[in-house]
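Inspection log for the structure reproduced underneath, given as structure tokens.
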Amino acid sequence: MATHRLVMVRHGESSWNQENRFCGWFDAELSEKGAEEAKRGATAIKDAKIEFDICYTSVLKRAIRTLWTILDVTDQMWVPVVRTWRLNERHYGGLTGLNKAETAAKHGEEQVKIWRRSFDTPPPPMDEKHNYYASISKDRRYAGLKPEELPTCESLKDTIARALPFWNEEIAPKIKAGKRVLIAAHGNSLRGIVKHLEGMSDQAIMELNLPTGIPIVYELNQELKPTKPMRFLGDEETVRKAMEAVAAQGKAK
């Protein structure tokens, strides 16, 4: 029997998603399409009459703005928000800013596939000569991090390893205490939570790609285990496309 509800949403499409560039910790803005996705997701939450007691997001504006949109549309802008770097997207290191074609030309298609599809192989690190090194590594929002906490690149395994402690120490106790939680974050940090909730294998989580801007609802028991599969919120067509996209993730392209 479900005793708790958790809502998660991957941010709407960013300007760099639109350009097919590795974004990671670069603070890209939502694209026009992404802003519309956030509004559509917010409307779905409003229509479902879902209320929140506390919200969590990353320190990147594409996730924060998606959260703002949801709280605005649902008239819950007063609800407390916790921002943390631990919910940031995976750090794509030296690939940051490159599009797929440029990356394949520079490193070879086979190597790029390993970086994208492998659970525990990180991309090359972002060195001090990288165009975005200073704007990311020296940004004051990360001033409080210990040197060993500030990544220069991450695999999906690394991303999950820094997101899960925050889930275990901060979010899970709030849910168990009866708080209604919303998490607005990124594809890879949310994957880590989904993997943990559902006990998915490393391979299975690599094949799951959460759709942008569509709220995901979990009904959880007292041990925070799902009592039914994840559910998407939205109109029938939006939900159908989202489910098809997720179902197709593991198939050969």
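Cβ coordinates come from backbone N, Cα and C, glycine included.
Here Swiss-Prot flags T3, T121, T152 as phosphothreonine, drawing on a large-scale study or a structure entry. Among the features that Swiss-Prot reports, substrate binding site is placed at 10-17, 23-24, R62, 89-92, K100, 116-117, 187-188. Annotation source Swiss-Prot lists phosphoserine at S14, S15, S118, S135. Per Swiss-Prot, phosphotyrosine is recorded for Y132, Y133, and the stated evidence type is a large-scale study or a structure entry. Residues or ranges marked as site 'Transition state stabilizer' in Swiss-Prot (evidence: similarity to another entry): H186.
Feature map: Swiss-Prot annotations on the structure.
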residue : record                 : DSSP (3 states)
R10     : substrate binding site : strand
S15     : phosphoserine          : helix
G24     : substrate binding site : coil
K100    : substrate binding site : helix
Y132    : phosphotyrosine        : coil
T152    : phosphothreonine       : coil
G187    : substrate binding site : helix
Express the distance between the Cα positions of K100 (substrate binding site) and S14 (phosphoserine) as a whole number of Å.
16
Hey, how far is R10 (substrate binding site) from H186 (site 'Transition state stabilizer'), Cα to Cα, in Å?
5
Which residue among the recorded positions W16, Y133 has the fewest other Cβ atoms within 10 Å of its Cβ, if you could check?
Y133
Looking at the modified residues S14, S118, T121, S135, T152, which sits with the largest number of other Cβ atoms within 10 Å of its Cβ?
S14
Candidates T3, S14, S15, G24, T121, Y132 (recorded positions) passing the 10 Å Cα cutoff around H186 (site 'Transition state stabilizer') are G24
Taking the Cβ of R90 (substrate binding site) as the centre, count every other Cβ atom within 10 Å, in any protein chain shown.
27
Closest to S135 (phosphoserine): which of the recorded positions S14, S15, W16, G24, T121, going by Cα position?
G24
